[in-house]
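In what follows, a single structure is set out as structure tokens and then discussed.
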Amino acid sequence: MNKSALVTGASRGIGRSIALQLAEEGYNVAVNYAGSKDKAEAVVEEIKAKGVESFAIQANVAKGDEVKEMIKEVVSQFGSVDVLVNNAGITKDNLLMRMKEQEWDDVIDTNLKGVFNCIQKVTPQMLRQRSGAIINLTSIVGAMGNPGQANYVATKAGVIGLTKTAARELASRGITVNAVAPGFIVSDMTNALSDDLKDQMLEQIPLKRFGEDTDIANTVAFLASDKAKYITGQTIHVNGGMYM
């Protein structure tokens, strides 16, 4: 394989796992980060150990000019962007009545405008090659809602709508656009929960376990592959049955 992928927010967590899984599948991977250069470089070394090419690139996805330069650099180094994974995201939680306008704007800018920027800037290159796969990370809360996360939920619901619209616009050129919606995934946050709270959360999950980063990474890798070339405009829920 001589294909390349760009994963945003890939210096840790789910983004890191996605980048490593795509490398395992044979993709050259560009590791985008916002501020964690050392962590991003560590991921690059893990990827290179799998026998593919990789480099770290800093860009704030909320800024269109930075995204444009990022795409240009990835194409310069790899020759193309065959797969774009929009994973970068932030949270600034607060109750709706207490949420500051800046908290709303910051999350919207990164989580929703950032996805728009990356899709818009990568599309010309994918149109020229008449192929490509775009996978957007959304969330179970984009479908269910969640108290204290009005800004985050709005972005994740917006990503689902943006995914469907982009899929309709780009399908005729051989470009697929899908979303992956994680449920509760093991993280530092879930590890810090009390056993009682963990049990309460697990009661809502028919499969009776929290998800792993690899559950998400494997789903993204499938959607990026030729095995999923007849799938577009879909949101794949990976949540152990918590939302059906």
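Cβ from N, Cα, C; glycine included.
Going by Swiss-Prot, these are the annotated features:
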| type | residues | note |
| --- | --- | --- |
| ACT_SITE | Tyr152 | active site, proton acceptor |
| BINDING | Gly9, Ala10, Ser11, Arg12, Asn60, Val61, Asn87, Tyr152, Val153, Ala154, Thr155, Lys156, Ile185 | NADP(+) binding site |
| BINDING | Ser139 | substrate binding site |
Would you mind listing, in sequence order, the residues at least six apart from Thr155 (NADP(+) binding site) in the same chain with a Cβ closer than 8 Å to its Cβ? Gly89, Val107, Ile108, Asn111, Leu112, Gly142
Measure from the CA atom of the residue listed as 'substrate binding site' to the CA atom of the residue listed as 'active site, proton acceptor' and give the result in Å, rounded to a whole number. 9
Other C-beta atoms within 10 angstroms of the C-beta of Ser11 (NADP(+) binding site) total 25
For Gly9 (NADP(+) binding site), the nonlocal same-chain Cβ neighbours (under 8 Å, six or more residues apart) come out as Gly15, Asn32, Tyr33, Ala34, Val61, Asn87, Ala88, Gly89
Argmin Cα dist to Ser139 (substrate binding site) over the binding-site residues Asn60, Val153, Ile185 returns Val153
Look up Ser139 (substrate binding site) in the DSSP assignment and report helix, strand or coil. coil
C-beta crowding around Asn87 (NADP(+) binding site), within 10 angstroms: 27
In which DSSP state, out of helix, strand and coil, do we find Tyr152 (active site, proton acceptor)? helix
